[in-house]
Amino acid sequence: MQSSSPSTSHCSQIPIKIQHHIAKKRQVRRRRVDLDCGCSYYIHLDCINHGFTHRGVHHCASSNEWRLYLRDNKSPIFHDNQTQSEPIQQQIQHTNIPNQIQPQLEEGTGDSQMFSQLPHLDDLTVSDWSFFKSL
């Protein structure tokens, strides 16, 4: 019996489990970068134009990013190597507070702010409460 499909190519599709198995074996293309602090990281080759901040120091991952940080005056190739090899320090925009934990307000037993404008809440009847519960 002939196939009713108009296609002349009758290849079977690869099962998804086999596709996943093949994808797991594929090498991830990435580059290792060692930092001055002793840490190292791997950067995927597709993410080469993205920098990151580590321990308050910004690290550039491409010459385009260097050009951005050097305000595009001239190509980073023409700058001295000391400027390029040193990571750019980010300025801290906040004041140093010794205790970074904010205290939580204690719960009070008085009226809450939301119900302070509603008078006579203690005078509600059972039918009033049942009406509110039905909403």
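Backbone N, Cα and C atoms are what each Cβ position is placed from, and that goes for glycine too.
Keep in mind that what you see is a predicted model, and the values were worked out from it rather than measured.
Marked as region 'Transactivation' by Swiss-Prot: 120-135. Secondary structure of the region 'Transactivation' (120-135) per DSSP (helix as H, G, I; strand as E, B; remaining residues coil): 12 helix, 0 strand, 4 coil.
Note on the motif 'Nuclear localization signal' (17-32): mean pLDDT across this stretch is 80. Annotation source Swiss-Prot lists motif 'Nuclear localization signal' at 17-32.
Per Swiss-Prot, zinc finger is recorded for 37-54.
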- Query: When the motif 'Nuclear localization signal' (17-32) is classified with DSSP, how many of its residues are helical, how many are strand and how many are coil?
  - Reply: 9 helix, 3 strand, 4 coil
